[in-house]
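Asks: Could you have a look at this structure, given as structure tokens, before my questions?
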Amino acid sequence: MDEAIRRFIEHLAVAGRSPHTLAAYRADIELLENMMQAKSARDATAAELRKALAKLHAQGLSSRSLARRLSSWRQFYHWLQRNGEREDNPAAGLYAPKRDKLLPKALPVDGTAALLDRIEGESELDARDRAIFELVYSCGLRLSETVALNLDDVDFSDSLLRIRGKGGKERLVPIGAEAMLRLRTWLGERSAGMDEPALFLGRHGHRLGGRQVEKRLRDWAIKTGAGQHVHPHMLRHSFASHMLQSSGDLRAVQELLGHANLSSTQIYTALDFQHLAKVYDGAHPRARKRGKPDDENKS
């Protein structure tokens, strides 16, 4: 191993990096050393690094892997520069090829309706499942947000849901009529764990876990013919896709989803909630009306 590489790895070890991290740095920098052939990696130029990246890319290395290797090289040269062993960092101005953006998978409107409408059965768990998946699609919930919901997060009088999203940020989202109906049915049959604050419970009366929700949806998707690769986040993607198709209001959908940024270059844009509710009511396929029954049960 080159002396400079060895000292860099020792520096990382003293800094408390894990053995796994040390091995990754060593492999990434030794890879570059081997690609440089007669020249030491410590003396590489920006052009040579760019050529090395291009060669790895041509060999089929993923964008994620290229980015990791470039990051290792950049840290190595930064350390050399800080120690006075190089005047520049040849990796500082280089960027790995952008990662291929995988489009989120969403069900079509009729496919979503077919799945939700075919979740049948008379048991308490069936009622719970109908409520969960209607609510996920109605409000564009993340799985983590779904299982974190408590009973008092549902405002039955105004058909609103309080959601605790990423970073502890809360948002209010309208609940569609179909989801409200399913929620009331579920709460009417929710017999176990009455002292449990969680909105959705498992068989033993405790808060339902994310993996249980994933398995239940996968089982229902197979049973109803929707396919075996349906997962809760697909319902969130479907919510976003269908709302955009119907309303074209990207900023409103951003608010409803709880995204901090409209895009990588745009800051968070807050909208008036009344506008959000108007967009929601007019656009969501299963929220044509949000009724307020006189005999509301807020328990």
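Glycine is treated like the rest: Cβ placed from N, Cα and C.
So Swiss-Prot lists these for the protein:
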- ARG142: active site (ACT_SITE)
- LYS166: active site (ACT_SITE)
- HIS233: active site (ACT_SITE)
- ARG236: active site (ACT_SITE)
- HIS259: active site (ACT_SITE)
- TYR268: active site, O-(3'-phospho-DNA)-tyrosine intermediate (ACT_SITE)
- 1-81: domain 'Core-binding (CB)' (DOMAIN)
- 102-281: domain 'Tyr recombinase' (DOMAIN)
Asks: Given the active-site residues ARG142, LYS166, HIS233, ARG236, find the one whose Cα is closest in space to the Cα of HIS259 (active site).
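Replies: Ranked by Cα distance from HIS259 (active site), first place goes to LYS166.
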Asks: Could you tell me which of these active-site residues, ARG142, LYS166, HIS233, ARG236, HIS259, has the greatest number of Cβ atoms within 10 Å of its own Cβ?
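Replies: For the active-site residues ARG142, LYS166, HIS233, ARG236, HIS259, the Cβ with the most other Cβ atoms within 10 Å is ARG236.
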Asks: Would you list the DSSP helix, strand and coil counts for the residues of the domain 'Core-binding (CB)' (1-81)?
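Replies: DSSP composition of the domain 'Core-binding (CB)' (1-81): 64 helix, 0 strand, 17 coil.
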Asks: Can you tell me the three-state DSSP label for HIS259 (active site)?
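Replies: Going by the DSSP assignment, HIS259 (active site) belongs to neither helix nor strand, so it counts as coil.
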Asks: Find the average pLDDT over the domain 'Tyr recombinase' (102-281) in the predicted model and report it.
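Replies: Mean per-residue confidence for the domain 'Tyr recombinase' (102-281): 83 out of 100.
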Asks: About how far apart, in whole Å, are the alpha carbons (Cα) of ARG236 (active site) and ARG142 (active site)?
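Replies: With the alpha carbons as reference points, the distance is 7 Å.
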